[in-house]
Amino acid sequence: MVKLSNLLVATFGVLLVLNGCLARQSLGVPPQLQNECNLDNLDVLQATETIKSEAGQIEYWDHNHPQLRCVGVSVARYVIEQGGLYLPTFFTSPKISYVVQGTGISGRVVPGCAETFMDSQPMQGQQQGQPWQGRQGQQGQPWEGQGQQGQQGRQGQPWEGQGQQGQQGRQGQQGQPWEGQGQQGQQGFRDMHQKVEHVRRGDVFANTPGSAHWIYNSGEQPLVIIALLDIANYQNQLDRNPRVFHLAGNNQQGGFGGSQQQQEQKNLWSGFDAQVIAQALKIDVQLAQQLQNQQDSRGNIVRVKGPFQVVRPPLRQPYESEEWRHPRSPQGNGLEETICSMRSHENIDDPARADVYKPSLGRVTSVNSYTLPILEYVRLSATRGVLQGNAMVLPKYNMNANEILYCTGGQGRIQVVNDNGQNVLDQQVQKGQLVVIPQGFAYVVQSHGNKFEWISFKTNENAMISTLAGRTSLLRALPLEVISNGFQISPEEARKIKFNTLETTLTRAAGRQQQQLIEEIVEA
């Protein structure tokens, strides 16, 4: 009787486990995502879709491709013509971008942060002594939406987070202008907005989920940006489909690739009733309807008519100070950078900032959460590589990240080996092509021709690699006895394998004649 009871309990437990597994399989994991990383063959990927706008175009890679689906990312290339403006958008996934070509001005809107860039020039037609409409608080009235607390700040109390300096600047209510303003500034600001930054070739910049971002091409050539969305990131609470939300403009050709491409995509205002918009923004209904861009067919990249006037600092110096890049104190006090003032970009195309540099071979530069703290929030990082002719990157693998390699110039050969020891990729890669290198897959990169340049995005804020050859390699760390017994070779041969390569990252790729000479020397 006891045995029968135990048998029934065991049977019930097995059925419960099986039921839970089946429920998870049917509800939690869609069929198209099951076994999505069974990659027996890798391909060099090309952009599959192009969406054109008035002043540029966006090219997408199919995020449903097995390789991109495996690593959980979506990739796009933005081409913004001179004078083009990429309208404000935000995503549900973290985004990291690299400027391949050109210069521009970018801005990101972080919810809850103040407008720290202000233009104190008087507006056209503004009369002397007449405040800007909506800024009647200079006489003691609060701004619209402030209430008593904001009104008290006008009586000499500092704003939250200002301190004595800000308080002194606010004592201008008795006739003194705000700190940094003259008589014109006392009349009101022409414009106020959040931080604006210059971007140029070689810049890596990141965007957190939900933070709107815009960019303007201020240069004389097309601004080309390659961007990656980490749709498998924990901050994306939806499915593994890239979702872009537009604050302005309409895209009649579709969304961010994949399943959204067949459906026209409008901005967020289009879904609201015009009367509701008018009440929320305190404007008339006709202007509210204009926000919905119902008849706008320019797309998401529009051409700016006339000069593009935003408050921005002068173009930064070519080299930032080392003190800024490497602060004296290894532990911050929490005041240096907040989410509002945090830098969102870092240039990694400057040879002076290379982590590995050999003039005859090339250079490698990485950016992670230590050099760009915002990457800690998005959990992404990047590596810039340049190989000279007949050079190679020693075989290695990514320990804790997937890698998405994009060729920015030249040609190169890439070989990738999977967990079964099979060569799953051995192809030439050229400008504009993409290669997915899953975590743990070993690979080697060789230049083909004069030069090979690339940018790699990695799905970890502090991605780590392990080399298979060289002075700091896995083989170098093994005892000779392990190598000789593992490969059934003599101790002398094991010594050659372990110590012959002195480089750590880059080396010279031997040509056929050089390789034949080495073999003759070894045989002799």
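Going from the start of the chain as shown, residues are counted 1 onward.
Just so you know, glycine gets a Cβ as well, placed from its N, Cα and C.
Swiss-Prot names the disulfide partner of Cys37 among Cys21, Cys70 as Cys70.
Per Swiss-Prot, the residue annotated phosphoserine among Ser97, Ser360, Ser456 is Ser97. Just one residue in Thr92, Thr116, Thr504 has phosphothreonine written against it in Swiss-Prot, and it is Thr116.
Swiss-Prot marks one residue of Ser259, Ser321 with the annotation phosphoserine, and that residue is Ser259. Checking the candidates Tyr78, Tyr397 against Swiss-Prot, the annotation phosphotyrosine falls on Tyr78. For the modified residues shown (Ser53, Ser366, Ser484), fewest C-beta neighbours within 10 angstroms: Ser484. For the domain 'Cupin type-1 1' (42-289), the model's pLDDT averages out at 73. When the alpha carbons of Ser366 (phosphoserine) and Thr459 (phosphothreonine) are compared, the span between them is 13 angstrom. Under 8 Å, Cβ to Cβ, and six or more positions away along its own chain, Ser97 (phosphoserine) finds Val204, Phe205, Ala206, Asn207, Ile225, Ile226, Ala227, Leu228. Within the group of modified residues (Thr459, Thr501), the Cβ with the highest number of other Cβ atoms inside 10 Å belongs to Thr459. Helix, strand and coil counts under DSSP for the domain 'Cupin type-1 2' (346-495) come to 20 helix, 74 strand, 56 coil. Nearest to Thr501 (phosphothreonine) in space, judged by Cα atoms and limited to the modified residues Ser53, Thr459, Ser484, is Ser484.
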